[in-house]
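Undergrad: According to Swiss-Prot, the record shows the following:
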DISULFID  Cys41-Cys56  disulfide bond
DISULFID  Cys46-Cys75  disulfide bond
DISULFID  Cys54-Cys71  disulfide bond
DISULFID  Cys57-Cys64  disulfide bond
SIGNAL    1-22  signal peptide
Amino acid sequence: MKSSHTSLICILMLSLVALHQCVRMKVKEIGRSNKIYIPPCFRDSCDHVLKKDCYCCGSKPDLCWEDQHYCNTHCPPLKPLIN
């Protein structure tokens, strides 16, 4: 019985610390934390004989490159869908 009480007290203390941290967050931090980053390129399989994997633009899937960094720098960013 004593160990279960100790466990509950520990869980309660950890919950209070987490709640305290959430209250201390600024509005700017909360707005920034709910954004999802979608990279401009995705990995795909290519029809090339020597190289099976390539990286294609999400906005223009017909544009594909062998190097992911090159693809990320040359692809236009994806436009978010807003309803």
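Think of each number as a place in line: the chain as shown, counted from 1.
Just so it is clear, glycine is given a Cβ too, placed from its N, Cα and C backbone atoms.
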Undergrad: Indicate whether Cys71 (disulfide bond) is helix, strand or coil by DSSP.
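TA: Where Cys71 (disulfide bond) sits, the three-state DSSP reduction gives helix.
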Undergrad: Filter the disulfide-bonded residues Cys54, Cys57, Cys64, Cys71 down to the ones within 10 angstroms of Cys46 (disulfide bond), Cα to Cα, kept in sequence order.
TA: Cys54, Cys64
Undergrad: If we count other C-beta atoms within 10 Å, could you say which of the disulfide-bonded residues Cys41, Cys75 has the fewest?
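TA: Ranked by other Cβ atoms within 10 Å, the disulfide-bonded residues Cys41, Cys75 bottom out at Cys75.
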Undergrad: To the nearest whole angstrom, what is the C-alpha distance linking Cys41 (disulfide bond) and Cys57 (disulfide bond)?
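TA: Checking the Cα atoms of Cys41 (disulfide bond) and Cys57 (disulfide bond) gives a distance of 5 Å.
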Undergrad: Relative to the Cα of Cys64 (disulfide bond), which of the disulfide-bonded residues Cys54, Cys56, Cys71, Cys75 has the closest Cα?
TA: Cys56
Undergrad: Distance between Cys57 (disulfide bond) and Cys71 (disulfide bond) at the Cα atoms, whole Å?
TA: 7
Undergrad: From the Cα of Cys56 (disulfide bond) across to the Cα of Cys71 (disulfide bond), what is the distance in angstrom?
TA: 7
